[in-house]
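J.: For reference, the structure I am asking about is given below.
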Amino acid sequence: ALLDTLYTQTSLRDEAHHMSESLGYVLGHVQLRQIMIRPEPCYTMPFLNSNQNCLHSYSSERNDTSHNGKSLLVFKNRDSIISPGVWGQAAWYDSSGYVLQLNNTRKEAAEQLEMLEMQKWINIHTCAVFVELTLFNAASNLFSSVTLLLEVTPTGQVFTSSHIMSTYLFRYISVWDNCILGCELLYIVLTLWMLYDQLHQMMKMGHTYFSHFWNYIELLMAVMSLLYTGFYIYRFVLVSEAVEIMRSTFYNEFINLTFLTWWDEMLKTLTGVILFCILLKLLRVLRYHQVFWRIQVVYRRCKMELLVAASLYAGLIMAFSSLSTGIFGSVVYSMRSLWSSVLAMSALSVRGLRWRNERNITSDQSPWIDIVLIFSFTLCHGFVLTYVSVSLSVHF
């Protein structure tokens, strides 16, 4: 089924190689990659004498390279130290492994797969198998890095997953794109000016610069903007290298764009941090509004009491989360772990969780213990709210 989807009946060099009109074209070869782990001594009790070897969970230190040259697959080391790799359901996998690029026709690719099957390339040492390809969609001008993953755990479980990440390689191809380029250059100039202004303020104010909270926000935004500029320039270098490789090979060789798409995710993360800092700066304007000015006055007068109330509430959530995990963790899915119980109890405190659905499960175990838990949780909430009300009445 995979070959029927990827390949036409003729050579890919002669006809356009496309999966469907909606998905786009496959650039270069389709690559198979296999990761194998070497057996290690089993961890047994001291009084048990066992000479058997076991297959543990995957890590880069357990990578097995002893099968190199014994089949069509050739071992390849990871691309770089900061290679993004792939997060599977069982482990994280780097870019190393035994690699085979399928030929350009369906018949030759099928013969390669038959040869691998005869060589029993998937065996007990196999940890993960990847099908990697690069797609191009002309309608959206998007290049997509597609990874189909098959995982085999030491216990015999098999997981399948797909990882698709898209990016733009050709950005500035129209007049409007040139306007965007001009805005990006203006952003670089503003970033340098903002960083210069913060350094000037820091040298002028000395140690008192770090005594104001909003100066930290300004400095953080300047540093994040500078990092964004550096990351974006490095992305431009990566795009230039990728385009040069594709053009030099006439788009007939496989090129892995995973690192480039991962770099785009880093840029999106920095964008989120910068926007968050901008929103925090805009909060300073709200102090001129009467309602928010009153809230500011309340916080200044009752700051210690509000912090104590927040600490009590956090301790209340953690205590009841631990208790609910110990009591209902084996029967209620939303309380299967401490973190899940924290989310469930937080949702319960704001009526975001319908306990009636959960009670149908817990009532089979004991018809009253969940009622006692909810009553105690509500009663403790009342104590915290009473403490806040008394504190406000004292100061106002």
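Easy rule for this one: first residue shown is 1, then count along the chain.
Placement of Cβ uses the backbone N, Cα and C atoms for every residue, glycine included.
I grabbed these lines from TrEMBL:
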type: DISULFID; residues: C42-C54; note: disulfide bond
type: DOMAIN; residues: 2-169; note: domain 'Polycystin'
type: DOMAIN; residues: 172-379; note: domain 'Polycystin cation channel PKD1/PKD2'
type: TRANSMEM; residues: 121-139; note: transmembrane segment
type: TRANSMEM; residues: 175-196; note: transmembrane segment
type: TRANSMEM; residues: 216-234; note: transmembrane segment
type: TRANSMEM; residues: 266-286; note: transmembrane segment
type: TRANSMEM; residues: 306-332; note: transmembrane segment
type: TRANSMEM; residues: 338-356; note: transmembrane segment
type: TRANSMEM; residues: 368-390; note: transmembrane segment
J.: Could you pull out which residues elsewhere in the chain have a CB under 8 Å from any CB of the transmembrane segment (216-234), counting only those six or more residues past its ends?
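T.: Hits for the transmembrane segment (216-234): 184, 187-188, 190-192, 194-195, 198, 202, 210, 263, 266-267, 270-271, 273-274, 277-278, 280-281.
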J.: Residues sitting near the transmembrane segment (266-286): Cβ under 8 Å, six or more positions beyond its termini, same chain?
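T.: Residues 214, 217-218, 220-221, 224-225, 227-228, 231-232, 235, 292 contact the transmembrane segment (266-286) from elsewhere in the chain.
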J.: What is the average pLDDT across the domain 'Polycystin' (2-169)?
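T.: PLDDT averaged over the stretch: 81.
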J.: What number of additional C-beta atoms lies within 10 angstroms of the C-beta atom of C54 (disulfide bond)?
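T.: There are 12 such Cβ atoms around C54 (disulfide bond).
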J.: Just counting, how many other CB atoms are there within 10 A of the CB of C42 (disulfide bond)?
T.: 13
J.: Sort out the residues at least 6 away from either end of the transmembrane segment (175-196), same chain, that have Cβ-Cβ distances under 8 Å to it, and list them.
T.: 218, 221-223, 225-226, 228-229, 232
